[in-house]
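Trainee: Pasting a structure below so you can have a look.
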Amino acid sequence: MVDFLERPGELIDAYGQDTERKAFFTDTSICIGCKACEVACKEWNQVPMKGDLEILGSSYDNTGGLGANTWRHVAFIEQGQEQIEKARESGAKLVGLGMPAFGAPETREPNTTEDLGMPEFGSPGVRIKNKVDNPPNPDTPEFRWLMSSDVCKHCTYAGCLDVCPTGALYRTEFGTVVVQDDICNGCGTCVAGCPFGVIERRDSGTIHTKPDRVDSRYAMDVKNEGTANKCTMCFDRLVDGQTPACAQTCPTTSIKYGSREEMVDTAQKRVTAMHEKGLTEARLYGANPNDGVGGIGSVFLLLDEPEVYGLPPDPRVPTKDLPSMYKKVGIAAAGMLAAAATAFLGARKK
């Protein structure tokens, strides 16, 4: 069998057939925050919810972040005037998503953001092209939107997989990392091993996604209570040659799916095209095979620093430093033994 960590582009399935590593490419510049991916993920994987549906006080977001009950999370980054001015002072060239305008076409005000190729609205005969009047400005001088659909990164060097004591986490023939709920003992070690804070244990406070069914005869049990849960990249769909539910349902193709090599190539071409338009803040995240996790299986195009999206700027899998740590421990132990031997021999001479 091919060693995935030595040759991450090549995999062999259970039947000895060569397969390609699969990956997502999320283009945040065309994400409209519709949350269709979240809904599709929950419906296909029967992911429950924790408590009643609530809107966060500081955002239109209603899921907050990834976890055992949220395998896809659409982040709403809503930046006020203070954040915008701070970014401008740092020299950043801001990019706004250009939210859809309202009203009849002839009464719409021109969009003053950079044209990111967002979907057009209205009948074909009256569609209005985005007008670039003032490129550096976001949606308004006081506010701008950034949106991104976050998901498990399916790392090349997966910390959760490395530290799992029961072998419940494994790498599939598609290069994805999946939890076997019947083997997971709920210890939570993998939670600390993930540098992105993705994987989580499902607690007993969860309820099914259709809590209106009060009749116990129709109520559905919550699966995998107490065990670790996260995105599987719809492994059951991949086996059948289908696209993951989130990518299948995305109306703007913000979420793309394919071989990792193809996704990285598509992402690099998109960034190049945006830079040619003067959108120099566009950047790739997770495509570098030499980063702290060896590159990830969910590549992102971001319009600002990773921290703005809640992503670590330099993620590192905790176990990656173990070889050098063991080497240093060995050197220290050898030094201590040498010192002890020297002291012992010196004492005998006296």
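Cβ coordinates are placed from backbone N, Cα and C, and glycine is handled just like the others.
Values in this document were obtained by computation on a predicted structure and should not be read as measured data.
These came from TrEMBL, pasted as-is:
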type: BINDING; residues: Cys31, Cys34, Cys37, Cys250; note: [4Fe-4S] cluster 1 binding site
type: BINDING; residues: Cys41, Cys231, Cys234, Cys246; note: [4Fe-4S] cluster 2 binding site
type: BINDING; residues: Cys152, Cys155, Cys160, Cys194; note: [4Fe-4S] cluster 3 binding site
type: BINDING; residues: Cys164, Cys184, Cys187, Cys190; note: [4Fe-4S] cluster 4 binding site
type: DOMAIN; residues: 22-52; note: domain '4Fe-4S ferredoxin-type'
type: DOMAIN; residues: 143-174; note: domain '4Fe-4S ferredoxin-type'
type: DOMAIN; residues: 175-204; note: domain '4Fe-4S ferredoxin-type'
type: TRANSMEM; residues: 329-347; note: transmembrane segment
Trainee: Within 10 Å of the Cβ of Cys231 ([4Fe-4S] cluster 2 binding site), how many other Cβ atoms are there?
Mentor: 28
Trainee: Please identify, among the binding-site residues Cys164, Cys184, Cys246, the one with the smallest Cα-Cα distance to Cys37 ([4Fe-4S] cluster 1 binding site).
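Mentor: Its closest listed neighbour, by Cα, is Cys246.
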Trainee: How big is the gap, in Å, between the Cα of Cys41 ([4Fe-4S] cluster 2 binding site) and that of Cys250 ([4Fe-4S] cluster 1 binding site), rounded to a whole number?
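Mentor: So the alpha carbons of Cys41 ([4Fe-4S] cluster 2 binding site) and Cys250 ([4Fe-4S] cluster 1 binding site) sit roughly 11 Å from each other.
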Trainee: Could you break down the residues of the domain '4Fe-4S ferredoxin-type' (175-204) into DSSP helix, strand and coil, giving a count for each?
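Mentor: Going by DSSP assignments, the domain '4Fe-4S ferredoxin-type' (175-204) contains 5 helix, 5 strand, 20 coil.
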Trainee: By the count of other Cβ atoms within 10 Å, pick out the sparsest of the binding-site residues Cys34, Cys152, Cys164, Cys184, Cys246.
Mentor: Cys34
Trainee: Restricting attention to the domain '4Fe-4S ferredoxin-type' (175-204), give the mean pLDDT.
Mentor: 90
Trainee: When DSSP states are grouped into helix, strand and coil, how many residues of the domain '4Fe-4S ferredoxin-type' (22-52) land in each?
Mentor: 13 helix, 8 strand, 10 coil
Trainee: Centre the Cβ atoms of Cys152, Cys155, Cys160, Cys194, go out 8 Å, and tell me which other residues of that chain have a Cβ in range of the [4Fe-4S] cluster 3 site.
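Mentor: Other same-chain residues with Cβ inside the cutoff are Lys153, His154, Ala158, Gly159, Leu161, Val177, Cys190, Gly193, Pro195, Phe196, Val198, Ile199, Lys230.
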Trainee: Out of the binding-site residues listed (Cys160, Cys234, Cys246), which are within 10 Å of Cys190 ([4Fe-4S] cluster 4 binding site), Cα to Cα?
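Mentor: Taking Cys160, Cys234, Cys246 one by one, the ones whose Cα falls within 10 Å of Cys190 ([4Fe-4S] cluster 4 binding site) are Cys160.
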Trainee: Which one of these binding-site residues has the most other Cβ atoms within 10 Å of its own Cβ: Cys41, Cys160, Cys187?
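Mentor: Per the Cβ count, the most surrounded site is Cys160.
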Trainee: Let's check the environment of Cys250 ([4Fe-4S] cluster 1 binding site): how many other CB atoms sit within 10 Å of its CB?
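Mentor: The answer is 24 other Cβ atoms.
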Trainee: Looking only at Cys31, Cys190, Cys194, the binding-site residues on record, which one has the least crowded Cβ, with the fewest other Cβ atoms within 10 Å?
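Mentor: Least crowded of the binding-site residues Cys31, Cys190, Cys194, by Cβ count within 10 Å, is Cys31.
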Trainee: Give the helix, strand or coil assignment DSSP yields for Cys160 ([4Fe-4S] cluster 3 binding site).
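Mentor: The three-state answer is helix.
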Trainee: Which of these binding-site residues is closest to Cys34 ([4Fe-4S] cluster 1 binding site) if you go by CA atoms: Cys160, Cys164, Cys184, Cys234?
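Mentor: That would be Cys234, the closest of Cys160, Cys164, Cys184, Cys234 to Cys34 ([4Fe-4S] cluster 1 binding site).
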Trainee: May I ask which of the binding-site residues Cys164, Cys231, Cys234, Cys246 is closest to Cys155 ([4Fe-4S] cluster 3 binding site) if we compare their C-alpha atoms?
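Mentor: Closest recorded candidate to Cys155 ([4Fe-4S] cluster 3 binding site) by Cα: Cys231.
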